[in-house]
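Let me begin by presenting the structure, written as structure tokens, before commenting on it.
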Amino acid sequence: MEKEELKIVNKGLEDEMEISGYRLCRWKLALVGIGVLCTGGFLLLLLYWLPEWCVKGTCTRTSVRDAQVVLLQSTVSTLHPGRLTVLQGCSGLMQHKVQMYLTLILLYLYRKLFFGVNEIAVKVPSVFKLLIKEVLNPFYIFQLFSVILWSADEYYYYAVAIVFMSLISIATSLYTIKKQYIMLHDMVAAHSIVRVSVCRANNEIEETMSTDLVPGDVMIIPTNGIIMPCDAVLISGTCIVNESMLTGESVPVTKTNLPDPGHSVKREAGDSTYSTEEHKRHTLFCGTSVIQTRFYSGEQVKAVVVRTGFSTAKGQLVRSILYPKPTDFKLYRDAYLFLLCLVGVAGIGFVYSIVLSIINHVGVPAKTIIIESLDIITITVPPALPAAMTAGIVYAQRRLKRIGIFCISPQRINICGQINLVCFDKTGTLTEDGLDLWGIHRAEKGSFYLSEEKVCKEPLVKSQFVACMATCHSLTKIEGELSGDPLDLKMFEATGWILEEATEEETSLHDHIMPTVVRPPKQLLPKSEEELYDLSSSYEIGIVRQFPFSSALQRMTVVARLLGEKRMDAYLKGAPEVVTSLCRKETVPDDFSEVLENYTKQGFRVIALAHRRLESKLTWHKVQNINRDVIETNMEFLGLIVMQNKLKAETPGVLEDLRRANIRTVMVTGDNMLTAISVARDCGMILPEERVIIADAFPPRDGQAATINWRYADNPFLSPFCKLVTDLLEPRVQQQYHFAMNGKSFAVITEHFQDLLQKLVLHGTVFARMAPEQKTELVEALQSVDYFVGMCGDGANDCGALKRAHSGISLSELEASVASPFTSKTPNISCVPSLIREGRAALVTSFCVFKFMALYSIIQYISVTLLYSILSNLGDFQFLFIDIAIILVIVFTMSLNPAWKELVAQRPPSGLISGPLLFSVLTQILICLAFQTFSFLWVKRQSWYDTWTPILDACSMSSSHNVSFSEVYNETEDDDHNIRNYENTTLFFISSFQYLIVAIVFSKGKPFRQPTYSNCKCSFASYCMYVIVCVPFHWRMMMLFIMLANAAVSALVEVSVDLRGSRCLSWLCCRRNKTPKARYMHLAQELRVDPDWPPKPTTTTEAKTPPSPKNSSSHSLSSS
């Protein structure tokens, strides 16, 4: 059959996967069966470990429609194959039109069969299943092979010890996994199955279980609240929702009903299509808590079910926990390559031992030759490596928890050690959460008044400006306390007005939804007027309809009505640039831009207000279903609210620490650009002498190509003369500049100037007016030039960027936020350097442990290989002593070194396959080989040396109380393996100390970790490993001198490698002018010699050709 075109599932989403269909093939199954029999079941294990091979080895390719087995393969890894029914159960991921659901004519049973049960089922596997899965791990299979081999070679004690350790490891792992499954199951099961009311045909109300809900059902939200069992979009009424489970933000959110597109005057083709992201202010997400509802009399709050089961927001979250995205880090890739190298070394030893046994011992049983040869392989591949690598991460996780940083993805701790760029949100992250009202700047009839400090005063009570401040918000009362967005709270509190909400009893008495009412207190009303009583009782404004704040639209609107008035009013607040674009030009002051720029340059946050008197034909019913575009037009500009957002006290110091450590800092905010630039200067992100280049990009229009206008922001710290000199020197001083742009420009550049985007992000420091999805795009753009990106935000609008970054840290009060891998209880950015320091310490610890485990295997490999030359080997208790008393103690104590106290400019290497690290390992191998070989040969030249027997024991002249470990061993065991000899004793002594030497040499301290002597446990373990051996006293002293010489040479060589290793390797390899591997470093080199970069002020860059669908990413650029 023809090869079917590749199909994509979840296209454009984070879990995008390729899907291909297969049918079982009989002849392939027969061949695999024969192979399993011939390999003793090993082929079956291999196919279990590699499911992609299993599918392709037993099936033939077919269409997805006809498939018996489907293979889902992500961009980073291959998932386990699933049956086609599993894919059918995921069909709810598609986007649906609400109108389709309202007119759905499919039968209910068919819908339920199609979408499946509305349940996020986290099945807790049985202990037996978990045991089988754990035991079939390649590591434990290798250990099983080793234990069988050691038992065949009569190393019973060592084999029993390894079995005992493995059982403890398996039991611990099973307990941890089982506990995690139970915790996740309990978290999901709580409130996931509830009884709900569903509106059926003819408005009949049916009580049903939430598991029976399917997309298209109209459910009724109860007045006493509910934990949502599905994703549903409101079609009537209003809800107050706590979404902390999703965002980490405990501030309640107001959800309004989805507007009916049929009542919109301005209706576009795509307006009727429901989108979860675009309509999230109307969507009740699964797992979130509905606190309050506001409903009609006889017609309660209704919502249409749009997603169920694992397709919901909560389901996707649970799925990401069950099947986390694999961490693609160079360290782990290099670790596998390094293990392959050790396997190669083991292969050489295997062949060597076979050849040696055949040559030196004709007539030796083949069984003995095979066992001793295979023993080399078990020695070379360290069995304790996985546990040793995990120990450092576990210790780092504990240290992070002690300083208030919680981690839900431990593998990312190592990645934190490579971070060289951190993106920060502004409000709530760099600056204080709360905004203080600095003042207001009212406007009327196209001109500004003088700025005023207070709003709460008598002359302004009945002004439209104060009415806008008092009504245009999403505040609500929960248990008698005002709750909502901190900015809205500050604005409303500044007016001094009172907010009142109708009770459930009052609401049920009216046909219409009872509005929230705001009114001024009596003391603010004009006392000179005779109708004081009438005013105090009648001057109330009811909020009829809310259009909640949208990050994409950057504005919020409410429709309100003054008590006694027939016509309604629309009040609008938002970003000044957006608000003025919706106002009549004659109402916007001519000096608006100058006034706004003056405030934003000082770092103030500015919000614009507008008002419009609505037509009398707009009744209450029409307003409830009207589109906001109809309301938000022809507005009257009212003025500006100036808010002061102070820097957090810790911000400047932390950013200075990051700058000294050569870690770039970037600001990503939804605030005004000039405000963001001012804050960047205040906190030290942009230094006083550095210039800021603003990129204003415009999309194609009127047949002209997209353009970018470059302009330089004024620097308030430079005098006019300095500015003139800087302008002349700017082309030469290319390092001292920063790019700034807003979200609209970023979108244009991303779409039409992709080649220019990488150059801009190389020096881009301020990104303002960025929508949540644009923050994620920026993180991806930075990663595309090989930056290791960290993201620090408050967890509200930064969820996507926090997840996409290499290391996302959320400043949330919750102990663990699902929005990011790391969550800090400390509400400032001081956690960022701490996380990077711990990441560097954990990464260096991983290198140290891996190098030590590699050397441990090689040292033992050298000892056994030398002993094989005289047909000897290490004894059972000797292996046991090395692995238990030396290796395990060192491995689990050398990871205890805490992180260094401060960040340094130097960064640890990112992988094991790097010149200095390999050079360090190779030199230590050669040193250990040299000293062991020297000792092995020199002991034979001693005058007292002879073939060992109890009668010719060189220790027989010693005092009777000097009984050694070797003597005890010799008296209790038959010497079938020729263990009792002086070569064995010498190599055992030297190698035992070589383990300690390399452990100390590799356990580096400054600049990433505390010095080894600060780790009391490791120091104690290192100094308590002296072994008494049965050789003459002067030879013991000689071995002690050899050991000290070995330690001195190892330490000297390691220090030399650290100081001069990179330079020596570059000189040896003739790579002095090596091209940097990182893309951003390569770009920086190119831009240093580019005479046209950075762009000069007041110039324009445009795409030569208008963008086309087929070729919109490669445009040659020209400047004018």
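Backbone N, Cα and C define each Cβ position, glycine as well.
Those TrEMBL annotations? Automatic predictions, nothing curated.
Per TrEMBL, these features apply:
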DOMAIN    14-80  domain 'P5B-type ATPase N-terminal'
TRANSMEM  29-50  transmembrane segment
TRANSMEM  98-118  transmembrane segment
TRANSMEM  130-150  transmembrane segment
TRANSMEM  156-177  transmembrane segment
DOMAIN    196-321  domain 'P-type ATPase A'
TRANSMEM  335-356  transmembrane segment
TRANSMEM  376-396  transmembrane segment
TRANSMEM  843-871  transmembrane segment
TRANSMEM  877-896  transmembrane segment
TRANSMEM  917-939  transmembrane segment
TRANSMEM  985-1002  transmembrane segment
TRANSMEM  1023-1045  transmembrane segment
REGION    1089-1120  region 'Disordered'
COMPBIAS  1098-1120  compositional bias 'Low complexity'
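Ranked by Cβ pairs under 8 Å to the transmembrane segment (985-1002), the stretches 29-50, 335-356, 877-896 are led by 877-896. Counted over residue pairs separated by six or more positions, the transmembrane segment (843-871) shares fewer than 3 Cβ pairs under 8 angstroms with the transmembrane segment (29-50), which leaves the two as not touching. Residues 45, 48-49, 156, 158-159, 162-163, 166, 170, 173-174, 177-178, 371, 374-375, 378, 381, 383, 386 of the same chain sit 6 or more residues outside the transmembrane segment (130-150) yet have a Cβ under 8 Å from a Cβ within it.
For the domain 'P5B-type ATPase N-terminal' (14-80), the DSSP counts in helix, strand and coil order read 29 helix, 19 strand, 19 coil.
The transmembrane segment (156-177) and the transmembrane segment (917-939) are not in contact, since fewer than 3 Cβ pairs between them lie under 8 Å (pairs 6 or more apart in sequence). Counting residues 6+ beyond its ends, the transmembrane segment (917-939) has Cβ neighbours under 8 Å at 847, 851, 854-855, 858-859, 862-863, 866, 909, 945, 982-983, 986-987, 990-991, 994, 998, 1001-1002, 1035, 1039, 1042, 1045-1046, 1049-1050, 1053-1054, 1057-1058, 1061, 1064-1065 in the same chain.
Listed by sequence, the residues of this chain that lie at least six past the ends of the transmembrane segment (29-50) yet keep a Cβ under 8 A from its Cβ atoms are 57-58, 136, 138, 141. Cβ atoms under 8 Å from those of the transmembrane segment (335-356) belong to residues 369, 372-377, 379-381, 385, 389, 850, 854, 857-858, 861, 864-865, 868-869, 912-913 of the same chain, restricted to positions at least 6 beyond its ends. Across the domain 'P5B-type ATPase N-terminal' (14-80), mean pLDDT in this model comes to 79.
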